[in-house]
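J.: Got these off TrEMBL a minute ago, pasting:
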TRANSMEM  12-35  transmembrane segment
TRANSMEM  90-114  transmembrane segment
TRANSMEM  126-148  transmembrane segment
TRANSMEM  177-197  transmembrane segment
Amino acid sequence: MCHVIVTCRSMLWTLLSIVVAFGELIAFMSTDWLVGSPRVPEAMLDSHVSPEPYRPTLGIYGRCIKVTGFRRDVLCGPYAVHFGEIASGFWQATSIFLAAGILLLCAVAFISVFTMCFQSIMKKSIFNVCGLLQGIAGLFLILGLMLYPAGWGSDKVVTYCGAEASPYKPGMCSLGWAFYTAIGGTALTFICAVFSAQAEIATSSDKVQEEIEEGHYKNSSQGCGIN
């Protein structure tokens, strides 16, 4: 029989796991990893309109550029149609590690929703299993983020950031919000991995087990006031 068990710690872990997964996914898909050096749209160079510089953005596989100066349209999309067209081998490795980490985080986020009804899987605590997966995901994310700056010497980055750009030196570019979001999400991933143990303790405490035996949890939930 399914007993719905919700504690403050388990609910907080579930919500944080979902937020981390979505945060990392959004950062990975964003083009705001690098903010390029100021430039003027080519369409405005031959016009009589006073040119207004803008800063293009470059992601791992996408970019945003201004295509016209008159309507101020910004075109965003992938510059790499195929995996092999990603700016450098380092960014290709970054894509693989980040994708693997995000895949694990999304799986944990999906599973975490069902922890209210199921506290074990194959006789193993589902919280401990998810915590282990989050730890592995965090390692993948770290590897991806460490390799990412090594690709700043690629021709694509030099085009956006100037000739001064080189591995671990962004040149005239600045780091965008997506890079910092990915770093913050990685830190939160490890926090989730550690906090999963607290969620497991909260849902398997003696007090909870006693109330389950008394029937308090049949088709009901535990409020945050307990545990």
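Backbone N, Cα and C atoms are what each Cβ position is placed from, and that goes for glycine too.
Automated prediction, rather than curation, is the source of TrEMBL annotations.
Owing to the predicted nature of the structure, the values given are computational and were not obtained by experimental measurement.
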J.: Go through 12-35, 90-114, 177-197 and flag the stretch with the largest number of C-beta pairs under 8 Å relative to the transmembrane segment (126-148).
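T.: So the stretch in question is 90-114.
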J.: With Cβ-Cβ distances below 8 Å as the criterion, list the same-chain residues six or more beyond the ends of the transmembrane segment (177-197) that contact it, or say none.
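T.: 9, 12-13, 16-17, 19-20, 23-24, 26-28, 30-34, 59, 98, 101, 105, 108, 127-128, 130-132, 134-135, 137-138, 141-142, 145, 148.
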